[in-house]
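Right, one structure below, let's go through it.
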């Protein structure tokens with residue numbers, strides 16, 4: 001997705017340090033950042049925030065972190081958080097490779113990866129969010145019962161991710177090869193998901209854990 005640069009976005013985000021971490025000021029203090037101590041769920045690559053703000057509104061007993069590196073998108077998440085009055089959702093404007101700088105070992109209960117960039121060229125495989133380098137970070141910050149939820153419309157990325165997770169030592173608790181055909185009504189659509197499902201694109205989904213967590 002091509003993002004149009006918003007020169008004012010950075011200053012806007014910096015005006016709300018209580019909601020947005022721009023430079024690691026809350027690194028290692030994620031639990032303390034919230035008003036209440038509750039389980040923490042993360043969405044990496046939140047886009048415009050429809051998915052995670054909906055989750056936060058539906059589940060006030062869970063604390064949510066939206067992690068998105070594009071400042072020119074993050075402001076839309078911030079707008080939603082303010083408009084909805086969400087006190088259980090914070091935003092990190094940074095790259096996922098910095099996860100272990102922000103979260104303590106075992107601090108996170110769930111990670112969501114929704115419609116991540118597939119990076120289709122083999123030479124870019126290391127950038128995929130299901131590459132083993134990222135899986136190692138997820139394993140580090142997830143607690144013993146923690147899991148990973150993954151959705152994509154890209155069949156190649158889904159197949160790659162299944163293989164990558166299996167090789168890393170993960171097991172799958174749920175796999176959907178056509179989510180919207182099998183959906184029980186609990187699925188929350190992202191902006192991207194709605195756009196492509198309306199065109200008839202198949203959506204793939206999985207839930208996974210690390211074997212060491214059994």
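For all residues, glycine too, the Cβ spot is worked out from N, Cα and C.
Cross-referencing 15, 95, 144 with the S-adenosyl-L-methionine binding residues that Swiss-Prot gives (43, 68, 117) picks out 95. Swiss-Prot lists 121, 190, 191, 192, 193 as substrate-binding residues, and of the candidates 35, 79, 153 the one it assigns to that same site is 153. Considering only the binding-site residues 43, 68, 95, residue 190 (substrate binding site) has 43 as its nearest partner by CA-CA distance.
Over all protein chains present, the Cβ of residue 192 (substrate binding site) has 18 other Cβ atoms lying within 10 Å. For the recorded site, residue 191 (substrate binding site), the DSSP three-state label reads helix.
In sequence order, 51, 52, 55, 64, 65, 66, 67, 111, 112, 113, 114 constitute the residues six or more apart from residue 43 (S-adenosyl-L-methionine binding site) in its chain with CB-CB distances below 8 Å.
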